[in-house]
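Database features (TrEMBL):
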- 51-72: transmembrane segment (TRANSMEM)
- 132-151: transmembrane segment (TRANSMEM)
- 157-175: transmembrane segment (TRANSMEM)
- 182-203: transmembrane segment (TRANSMEM)
- 215-236: transmembrane segment (TRANSMEM)
- 257-282: transmembrane segment (TRANSMEM)
- 294-317: transmembrane segment (TRANSMEM)
- 329-346: transmembrane segment (TRANSMEM)
């Protein structure tokens, strides 16, 4: 399980919850979602307990699905032999200590590059039985379903069953099944959709029964961050993926072009959050009646972190430090969420 990537599940839920709370602040209780099947068509009031409960359920659904995706990815790549290529590519450099590594004739720079190019330990490739990894994926997917069903009972939105089924199917068929879409260059698109609009706007709708432009904007930006994380992952594995027949987008367009596109995407994410804050700062005196100290601090601190992290990630990608780039991109996701919270509290 790749713990740093869990932030990609937290950030869109935080964005959706913030957008929903802003909507609830701007309208009366009339028109809120039904309370659920146990109270028939009774109207719901935006009580703190209800909002907190639904928000936590949305968060748990996102986290359990993220974990399930990680396990399913390890399982499918392991049984297909994809991870065997990756393991063989770095096996010659596997040593018990840095001293032994250098004794074998490698330089410090070569050691750093190998460790950066070597991704996180894959469970199946490292010796864990495929059945155990598959069971871990199934258990986490089931936990996500349980939380989702609880959410449906509370809100009365039974059509969310189909959304949940689509999410579970997307998690499995990314690298599972006879024709996994992750092997044909659709990984970045799936990451954008399911860890952007689906997670963020789904959370907003569950909490307030409404989706607005503010929520859509935040969902698109955080979805772009998730797509960037997937892109870095595929760029790191471009050579071994090509050898194993995994036709990711990085393999299709080539590493050089893909690197340029990735750097542009990361820069656009930063600009998408900096520009709105700059406009708001210019109109602060007249157009921001809700500006507070907390909202201002959230936005400013988030912007500073976002700008600095963007510069670091751009250098990480340029220097092929992919593990560092992925780790820093997950922090960018939280920085984007922090800026969004500050901006939304101020408008």
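Cβ coordinates are placed from backbone N, Cα and C, and glycine is handled just like the others.
Counting residues 6+ beyond its ends, the transmembrane segment (182-203) has Cβ neighbours under 8 Å at 8-9, 12-13, 15-17, 19-20, 55, 58, 62, 65-66, 73, 160, 163, 167, 170, 174-175, 211, 215-216, 218-224, 226-227, 229-231, 234, 245-249, 251-252 in the same chain.
The stretch from 51-72, 132-151, 257-282, 294-317, 329-346 with the most CB pairs below 8 A to the transmembrane segment (215-236) is 257-282. Counting Cβ pairs under 8 Å that are 6 or more residues apart, the transmembrane segment (257-282) and the transmembrane segment (329-346) reach 3 or more and are in contact.
The stretch in 51-72, 157-175, 329-346 that contributes the largest number of Cβ pairs under 8 Å to the transmembrane segment (132-151) is 51-72. With a cut-off of 8 Å between Cβ atoms, the residues of this chain six or more beyond the transmembrane segment (329-346) that come close are 4-5, 7-8, 10-12, 14-15, 18-19, 22, 214, 218, 221-222, 225-226, 228-229, 232, 266, 269, 273, 276-277, 280, 288, 290-292, 294-303, 305-306, 309-310, 313.
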